[in-house]
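Going by Swiss-Prot, these are the annotated features:
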- ASP66: active site, proton acceptor (ACT_SITE)
- ASP135: active site, for ring-opening step (ACT_SITE)
- HIS137: active site, proton acceptor (ACT_SITE)
- GLU142: active site, for ring-opening step (ACT_SITE)
Amino acid sequence: MEIVIRQTPSEVSSTVADIVEGYVRRGPATLGLATGSSPLGSYRELARRHRESGLDFSDARAFLLDEYVGLPKSHDQSYFSVIRSEFVDHVNLDTDRVLSPNGESPDIAEEGARYDAAIAEAGGVDVQLLGIGTDGHIGFNEPGSALTSRTRVKTLTEQTRLDNARFFDSVDDVPHHVLTQGLGTIGEARHLVMIAFGKGKAEAIAAAAEGPLSAFCPASVMQLHRHVTVVIDEAAASKLQLADYYRYALEHKPSWQSF
């Protein structure tokens with residue numbers, strides 16, 4: 001696991017965009033896209049590079065981490081619609097090459113296995129972007145999730161539904177269930193890139209990177225992965241015991257060694 005500490009959120013977003021751009025330019029790339037606030041700056045930077053420098057996404061494809069159950073794909077709060085408005089519609093990535101779990105599947109219990117099979121058929125994900133919750137969750141893998149879990153249906157906590165109600169007309173409109181890639185599915189991506197900002201994420205980052213491997217902190221499963229880059233700002237790094245070493249290692253990173 002490589003931990004990259006940047007001074008500001010904008011520097012974090014730029015570094016993450018550099019990583020994604022490398023895969024896109026080497027192409028064809030299969031991207032794992034996350035929603036939420038953490039990757040937004042990186043999406044904006046990638047869109048700028050497409051607009052101003054011709055960064056070409058036409059050969060790329062993408063898989064989403066999760067999707068609401070029972071919400072039409074066309075609904076403005078489906079994660080498919082959200083990722084379109086935040087990123088896909090701003091680059092030349094064909095929406096037919098962007099896949100999400102089918103929250104309206106007539107056989108919702110089997111949809112997770114179908115989605116995992118689709119990822120495998122595409123050759124797997126090259127680079128997966130991830131945020132992290134204050135409790136260490138990634139995707140909708142809340143504390144207690146099996147570290148080898150596959151894409152499956154999860155029940156949203158009442159607090160999560162209340163938190164998400166601001167995006168809907170009322171809390172009654174927020175779905176109770178979501179399809180999410182499991183920790184095992186996420187871990188099959190060849191490169192995991194975690195993004196975090198602010199003191200509010202500092203304890204979660206410390207637990208994920210330096211704490212024990214435990215279902216209590218789902219993101220700690222990254223410790224077992226062969227290629228992880230955690231890109232954070234100084235505030236999110238404030239609880240790391242080895243922060244000085246991570247800064248030293250980055251400063252002396254060999255010129256031939258990429259992220």
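Using the three backbone atoms N, Cα and C, a Cβ is placed for every residue, glycine included.
The structure, with features from Swiss-Prot marked on it.
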residue : record                             : Cβ within 10 Å
ASP66   : active site, proton acceptor       : 20
ASP135  : active site, for ring-opening step : 14
HIS137  : active site, proton acceptor       : 21
GLU142  : active site, for ring-opening step : 19
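Here the Cα atom of HIS137 (active site, proton acceptor) is found 13 Å from that of ASP66 (active site, proton acceptor). Separating the Cα atoms of ASP66 (active site, proton acceptor) and ASP135 (active site, for ring-opening step) is a whole-number distance of 18 Å. Taking CA atoms as the reference points, GLU142 (active site, for ring-opening step) and ASP135 (active site, for ring-opening step) are 8 Å apart.
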